[in-house]
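Down below is the structure, laid out as structure tokens.
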């Protein structure tokens, strides 16, 4: 079957995802028009087949993840999505069927989150499929939530449940550890889905923008990403590991193999929000999270000990040798 | 030698290139703050080793080209550069020396063109080096120069000289055709440099924004890119090929092998501006180009024949079978 050229491909599969700023994807550039008094938050994430996803993952899932991880960054920054651009680096042997599935997943994610395509580039490679998405959100000027605003005494909070993505990777991947067979079908499906389809916590974005003192998304593991936030804010934290929210599936896996608790705390692919809030702002933030239907759990408190994270489990101090999962 | 981790690497090589909107490259996102009444032009280009450049090109040249081709798009849109983000997808075996050279080239290009780094992502791949840059420029709201504003009677203009990049690729590449040896050393060096180091015509941006009716940059060959502009504007054009500006080096190459004229007109990697202007606006545009020291040459005129480009050479009609060089 003959494959379409770049322009046909764009018209057929990507133009339908384009917003007004995309100008029909027939020009050299797209446009962002922030409302008066707003500025643009810019985030970029690259994903490579065999590193960030499996080459034979469903193309729609790959697309959802590629956009989802960027939207997760926007959510953490308290930004409202405004659009994105895509660099699509296609390996030899791609098919139009694959591309149609990819575009359908991308369209779904873009529509569900109000984040239209405004531009892109498509090139070919002798290597693996590679995607780079740059996503744009808007915040009132000067109000992006940074990593650096946490102060001693503030609460440390996380959205959702932690560790699903890291365990989901094991469940979904080709070399399944023994514990996987001890989970029921629903738990396995839940974990694999959490790995494949990150859900950006955009429902929290406005509340974070108004009430959080610092925030970031958890992409490389809670322990490692908390270390980055502490460094940026010049503060420390005391974390009670028993309070870290775990899903039913992760709890079942830890029952089967207690060593998995460490994987849950340190593994990547959570795409939940890690944030801090003062005692005064916390009630409003918690109420907004409740309204949005997103679980938000206090797991500890900010201290003045710059860069030092103290973890305790059932009252006993606990250290981590390897803090963070690195995609790099 | 141990290679630095991602965070050290960013701090050492990329943070010095960061502008205020980059927030020191320690947060999840960068910021764009358009002045009141301005909007943001967004362009993205991906480059793959072995497709868009040679893997053993100097790393500083690769960096300059990656940013340069994006700045060329901004120039064509009449936009003033405001910043860029970089996805750096590193192959196995990269060295810190390589990276230092890359960052130095990137810093030079960013500084020379007033376009600071505001964010990025660094990942690894089993495939070739891949770069994706998203660049941002500002234009007064509603004033981006599109591809679609050309009207019958307008002049068709190009900046600089055409064909240097396409012939430069042959001069620079590993399989040099016979004509290369017939050029003098200065001509060979000029052409290779034009291929390796595109010069974005940002000096023309303000004048294009004020006086051009349509514009795009020429990246895939004059003939093919003109076809895209005609399609977007719903117009035609009559082009006198004898008036297409050629460098001394390209003229010498055509003397050695007359078939190279077609390569000059259709080959890629010009990164010059193709634009249209009304008779009324042309003098101001030409004067601004003169002031900027950029050659701007009229090569034909817009016609009402939608999508039809008529070429003539020394009074004789001329057609092109293969209109465009495709990177895809």
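Using the three backbone atoms N, Cα and C, a Cβ is placed for every residue, glycine included.
Unlike curated records, TrEMBL annotations are generated automatically.
Sequence annotations record features per position, and here TrEMBL assigns domain 'PurM-like N-terminal' to B:27-139. According to TrEMBL, the Mg(2+) 4 binding site annotation covers B:28, B:43, B:73. For B:28, B:73, B:217, the entry in TrEMBL reads Mg(2+) 3 binding site. Under the heading Mg(2+) 1 binding site, TrEMBL lists B:45, B:121. Annotation source TrEMBL lists Mg(2+) 2 binding site at B:45, B:73. Annotated substrate binding site per TrEMBL: B:52, B:269, B:325, in sequence order. Per TrEMBL, the feature ATP binding site maps to B:120, B:121, B:147, B:219. According to TrEMBL, the feature domain 'PurM-like C-terminal' maps to B:151-308. Residues annotated as Mg(2+) 5 binding site in TrEMBL: B:220.
The structure, with features from TrEMBL marked on it.
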residue	record	Cβ contacts under 8 Å, 6 or more apart
B:28	Mg(2+) 4 binding site	none
B:43	Mg(2+) 4 binding site	B:70, B:73, B:74, B:77, B:134, B:135, B:137
B:45	Mg(2+) 1 binding site	B:66, B:69, B:70, B:73, B:132, B:133
B:121	Mg(2+) 1 binding site	B:86, B:87, B:88
B:147	ATP binding site	B:214, B:215, B:216, B:228, B:229, B:232, B:233
B:217	Mg(2+) 3 binding site	B:72, B:73, B:75, B:76, B:201, B:225, B:271, B:272, B:273, B:274
B:219	ATP binding site	B:69, B:72, B:225, B:268, B:269, B:270, B:271
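Taking only the Cα positions, the spacing between residue B:220 (Mg(2+) 5 binding site) and residue B:52 (substrate binding site) is 11 angstrom. DSSP classifies residue B:52 (substrate binding site) as coil under the three-state reduction. Within the same chain, residues at least 6 positions away in sequence whose Cβ sits under 8 Å from that of residue B:120 (ATP binding site) are B:10, B:14, B:25, B:85, B:86, B:87, B:88. When the domain 'PurM-like N-terminal' (B:27-139) is classified with DSSP, helix, strand and coil residues number 35 helix, 47 strand, 31 coil. Listed binding-site residues (B:219, B:220, B:269) with a CB under 8 Å from any chain A CB: none. Each of the binding-site residues B:73, B:220, B:269 was scored by the number of other CB atoms within 10 A of its CB, and the lowest score belongs to B:220. Cβ contacts within 10 Å of residue B:52 (substrate binding site), excluding its own Cβ and spanning all protein chains shown: 20.
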